[in-house]
Amino acid sequence: MKKSNQNLYSVIGASSLGTLIEWYDFYIFGSLATIISEKFFPSGNPTAAFLSTLATFAAGFIVRPFGALVFGRLGDLVGRKYTFLVTLVIMGGSTFCIGLIPGYATFKAAPVVILLLRLLQGLALGGEYGGAATYVAEHAPENRRGYFTSWIQTTATLGLFVSLLVILGCQTLLSKDDFYNWGWRIPFLLSIALVGVSIIIRLKMQESPLFEKLKAEGKVSANPLKESFGHKANLKMVLLALFGATMGQGVVWYTGQFYAQTFLLKTCNLDATQVNTWMGIALLLATPFFVVFGALSDKIGRKTIMLAGMLIALICYRPIFASLYSYADASHKTEIAGKRLSQTTAHIDASTGDSAVIVSTMHTYTDGSVLTETQKKTFAAGTSRDKAIPQVKKSMLLGHMYGSRVVGFIFVLVLFVTMVYGPIAAFLVELFPTHIRYTSMSLPYHIGNGVFGGLVPFIGTLMYEYSKTPANPSGDVLAGLWYPIGIAAACFIIGALYVSTKHQKH
Amino acid sequence: MNLVKRILGIFWLLAGPLAIFLLIWEAWRKIAANPVQDVYLPWIIIITIFTPIAVGLMIFGYYALKGEYDS
C-alpha cells in the first residue's frame, strides 16, 4: 500500500511538474507582451500589428481546441505517456526559440516566426492538460480521483506564479535597460532547462495502467475523433461537459485570476508592482484550496462543489469589484493640499523637431494613497499648436491600510476558482470511457477555458468601453462583469438541470 | 423535471442562432462606426470562434428537446 502510494505521488509529481512548466511557458509570453510587442511587432507597421493581434488571440483561443483534437486523438491511439512527452517537447522548444529570435530591427520575418512559435505553444498546451489529467486519474483509486487530480489543477496557478517570480527576479537582478535590451530573453531560455528535467522524469514513467489494459485486450479505439464526436451517445456528453461545466468554470477562472488583474491595472489605474505583489500573495494563499475542494469532491460530489462555486461567484462579483474600485476612486478621498507636487519637463525630438511638455502632478491623500497624474502634450515643430490629443496617464499607489483588503478580495475570487476548477479533471475523466477519454475531455475543457474563459479580459474591457456614452463618459466600471456573470449563470442552470449526480462507471 | 429539461431545450436551440445574430449585428454597428483593423479584426475572430460553439448549443438544445438528457 505504501509503495503504491509512493508510486502514485511520483506519478502526480512528474505529471504536475511538466504541466506547470507548460503553463509557465505559455504565461511568460503574456506577462512580457509589452516588450515582445515592441521588439517584434513595431507600432506603425499594419502587418506587424495584424500578426500581433493574431498571436495574442489565436494561440489562446483557436489553436488550443485544435491541440486538444490532435493530441487527444494521439493519446487515445498510442498512449498518454508518449503524447504528453511530445507536447512538452513542442512547448519547451517553441519557448526556447522565442528567446533566440532576433528583433524586428535586424530580422524582418520575426513577427511571422513569433506567430508560428506562439501557435505551436497553443497547440502543445491544448494537448498537455487532457493527457496529464487522464494519466493521473487512471493511476488513482476511483474514490480519491478528485484529490489526486486536483494536484494537476494547481499547476495553472503555480505556472502563472512561477512566471511572475522569474520575471520579477530578472528585473531585480538586472538594470532596467539590460532587462529591456536582452534580459527579457532569460525567462524564455530558462525554459529549456526546466523542460529537459521534466522530460527525463517523464521518460522514466510507465504508461497508464488502464490504457495498458485496453491495449492488451485490443480495445484501443481505431478512430477516437469519430467515436468522440460522431456518435450521439458520446457527443451529447461532450456538449454537456462544455455547456454544463467547463464554460462556467472557464469564466470563473479567468475572472478571478486575470480579469481582476486587468481591472485593477486598467480600470482602477493601480500601480503595477503593487497589483502584481498583491495578486501573487492571494494566489499563493488560495492555491492549496484546489486540493481541498478536489478532495471534498470525492466525499460530496463534483457537481455540488462546482455549481456552488459558480453560483456564489456570480452573486458576489459585482459587490467585490465595486469595493475594489471604491478603494482606488480618488473622488472619495481627501487630498492633503499642502503635499501636492507638480513638475514640468520639456524636450524636443531631434528627428522631427516636435516638442513635448510633460506635466507630472502628485496628489497625496489622507489615507496614505498617492495618485500620480502625467499629462503629455506634443506640439508640432516651431508652433504652439497641439499635434495630438494630450495623453493622460494615472497611477494610484494605495495606502498600506488597503493591502489586506485587496489581498482578501482577490483571495476570495481565487477561492471561487478553486471550487470550480479543483474537481473539474475528475469530473471530465469520469464522464467519458477510457478508450476515447483523452480526446473527449480535452475539447470541452479547452473550449470552455480557452474560448469562454480566455476572452473574459477582452470582452470585459470591450463592454466597459462600450458603456461609455456622451451622457456618461466614464462609463459603468462594472459593465465588463456581465459577460462572466451571464455565462456562469447559463452554465449553472444547464449543470444543475442536466448533469447527473450519479457517477458513471467506465 | 424531465419536462423542464425538454422545454428549456427549445430555449437552447434558439439561443445559438440568436447569439450569433446579435454578435454580427453588434460587430456591423461597431465596424461601420470605426472601420479600422483594431476594431474589425477582433470582431471577425470572435464571430469565427463562437459560430461553431453556437451550432453546438443548438445540437445540445435539440438533444435536450428529444429527451436525451432525461433521467
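Any Cβ shown, glycine's included, is placed from N, Cα and C.
According to TrEMBL, the feature transmembrane segment maps to A:7-29, A:49-72, A:84-107, A:113-136, A:148-174, A:186-205, A:237-255, A:275-296, A:308-328, A:406-431, A:443-461, A:481-500. Residues annotated as domain 'Major facilitator superfamily (MFS) profile' in TrEMBL: A:11-506.
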Sequence-distant residues near the transmembrane segment (A:84-107) by C-beta distance (under 8 Å, 6 or more away from its ends) are 15, 18, 21-22, 25-26, 28-29, 36, 39-42, 48, 67, 71, 74-75, 113-114, 117-118, 120-121, 123-125, 127-128, 131-132, 135, 185-189, 191-192, 194-196, 198-199, 202-203
Mind pulling out the one from A:113-136, A:148-174, A:308-328 with the most Cβ pairs under 8 angstroms to the transmembrane segment (A:7-29)? A:148-174
Under an 8 Å Cβ to Cβ limit, what residues of the same chain, 6 or more beyond the ends of the transmembrane segment (A:186-205), are close to it? 10-11, 13-15, 17-18, 21, 24-25, 28, 32, 81, 84-85, 88-89, 91-93, 95-96, 98-100, 163, 166-167, 170
Relative to the transmembrane segment (A:148-174), which of A:237-255, A:308-328, A:406-431 accounts for the most Cβ pairs at distances under 8 Å? A:406-431
Contact check, the transmembrane segment (A:406-431) vs the transmembrane segment (A:481-500), 3+ Cβ pairs under 8 Å, seq sep 6+: no
Using a cut-off of under 8 Å between C-beta atoms, tell me which stretch among A:113-136, A:237-255, A:275-296, A:308-328, A:481-500 contacts the transmembrane segment (A:443-461) the most. A:237-255
PLDDT averaged over the residues of the domain 'Major facilitator superfamily (MFS) profile' (A:11-506): 89
Surrounding residues of the transmembrane segment (A:308-328) on its own chain - C-beta under 8 Å, 6+ positions past either end: 248-249, 252, 255-256, 260, 263-264, 267-270, 293, 396, 398, 402, 405-406, 409, 412-413, 416-420, 477-478, 481, 484-485, 488-489, 491-492, 495
